[in-house]
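Undergrad: Feature list, courtesy of Swiss-Prot:
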type: ACT_SITE; residues: HIS194; note: active site, proton acceptor
type: BINDING; residues: 30-58, ARG100, ASN139; note: NAD(+) binding site
type: BINDING; residues: ARG107, ASN139, ARG170, THR249; note: substrate binding site
type: MOD_RES; residues: ALA2; note: N-acetylalanine
type: MOD_RES; residues: LYS7; note: N6-acetyllysine
type: MOD_RES; residues: SER44; note: phosphoserine
type: MOD_RES; residues: LYS58; note: N6-acetyllysine
type: MOD_RES; residues: LYS119; note: N6-acetyllysine
type: MOD_RES; residues: TYR240; note: phosphotyrosine
type: MOD_RES; residues: LYS329; note: N6-acetyllysine
Amino acid sequence: MATLKEKLIAPVAEEETTIPNNKITVVGVGQVGMACAISILGKSLTDELALVDVLEDKLKGEMMDLQHGSLFLQTPKIVADKDYSVTANSKIVVVTAGVRQQEGESRLNLVQRNVNVFKFIIPQIVKYSPDCIIIVVSNPVDILTYVTWKLSGLPKHRVIGSGCNLDSARFRYLMAEKLGVHPSSCHGWILGEHGDSSVAVWSGVNVAGVSLQELNPEMGTDNDSENWKEVHKMVVESAYEVIKLKGYTNWAIGLSVADLIESMLKNLSRIHPVSTMVQGMYGIENEVFLSLPCVLNARGLTSVINQKLKDDEVAQLKNSADTLWGIQKDLKDL
């Protein structure tokens with residue numbers, strides 16, 4: 001006796017398992033991981049989304065919650081498991097997992113604890129998706145991108161840190177607010193380490209090709225009567241402020257990550273400030289990852305733009321690199 005499905009649907013092609021074209025995996029279903037997931041789904045970037053975490057109930061709940069929204073999405077398959085086999089054939093893997101900094105904990109100690117987590121995660125990712133591109137989001141992102149590159153054995157163009165993509169977006173938003181234009185029309189770059197020692201490239205800030213530093217030569221310096229330097233200070237402090245107010249940041253970083261993924265999956269060759277291996281650039285001698293303007297396309301991070309930086313900006317970049325190396329050189333088991 002034929003089932004209802006057999007009566008309803010007459011097959012034309014043989015049934016076979018299809019390999020997804022644009023599968024994306026998100027590792028870690030905390031606030032940041034789920035913001036990445038919903039941003040990816042909202043932009044219809046993937047034909048299969050896989051979620052992985054160690055907390056099975058939370059993981060299943062998040063998966064079901066997203067699946068129940070399938071009618072409103074263009075992603076036919078949403079899966080989740082604590083076993084990494086669920087991630088097989090991913091084009092892009094987003095790593096948001098990691099331990100949180102405890103009160104009074106040193107950065108080195110936090111990084112070392114995250115290294116121990118990544119030693120389990122990264123080999124599993126590469127085992128099931130040897131051709132994937134990994135985007136590292138977990139903090140401290142620049143050091144953990146280096147750790148991921150070391151542990152994965154992947155070429156450096158396929159290991160990318162979310163880096164200063166969000167810092168630069170915050171910078172452009174805050175400047176645009178002051179000027180009364182849309183952030184997309186206000187161009188400016190934050191480079192270096194994501195966070196406290198980031199570098200605002202004031203020499204490159206422009207609106208419609210007009211260099212703002214030509215209009216106000218003191219822009220970004222301590223002598224500036226309009227105090228534009230405050231904008232960069234606000235960028236650095238903004239995450240701390242949001243965390244103080246709501247406990248964590250997630251929406252903006254989720255949108256930022258989806259933006260990076262779009263550039264790669266759609267082969268756009270857009271330029272983003274993301275964390276890459278900078279050894280040999282700007283006189284940096286060690287194997288550190290920092291944000292520079294990078295071209296992202298289907299192959300990953302394919303080139304770096306040589307920005308004309310002023311001497312003080314180069315000095316700040318080198319300072320960032322030294323800070324990171326100071327922590328990296330003492331990491332164990334890499």
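Here the Cβ of each residue, glycine as well, is placed from N, Cα and C on the backbone.
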Undergrad: Counting only other Cβ atoms and using a 10 Å cut-off, which of the recorded positions LYS7, LYS58, ARG107, LYS119, ARG170 scores lowest?
TA: LYS7
Undergrad: Among all chains shown, work out which of the recorded positions ALA2, MET34, ALA50 has the most CB atoms within 10 A of its CB.
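TA: Checking each of ALA2, MET34, ALA50, the winner is ALA50.
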Undergrad: Going by C-alpha distance, which of the recorded positions ARG107, LYS119, ASN139, HIS194, THR249 is nearest to GLY42 (NAD(+) binding site)?
TA: THR249
Undergrad: Using Cβ atoms only, which residues of the same chain lie under 8 Å from THR46 (NAD(+) binding site) while being at least 6 residues apart in sequence?
TA: PRO20, ASN22, LYS23, ILE24, ILE40, THR75, LEU265
Undergrad: Let me make sure I understand the structure: which of the recorded positions listed (HIS194, LYS329) has the fewest other Cβ atoms within 10 A of its Cβ?
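TA: Result for the recorded positions HIS194, LYS329: minimum number of other Cβ atoms within 10 Å at LYS329.
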Undergrad: Looking only at ARG107, ASN139, ARG170, THR249, the residues listed as binding substrate, what is the longest Cα to Cα distance in Å?
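TA: So the maximum pairwise Cα distance among the substrate binders is 24 Å.
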Undergrad: Could you check which of the recorded positions ALA50, LYS58, HIS194, THR249 is the closest Cα neighbour of LYS119 (N6-acetyllysine)?
TA: ALA50
Undergrad: Any idea what the Cα distance is from MET34 (NAD(+) binding site) over to THR249 (substrate binding site), rounded to a whole Å?
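TA: With distance taken Cα to Cα, THR249 (substrate binding site) is 12 Å from MET34 (NAD(+) binding site).
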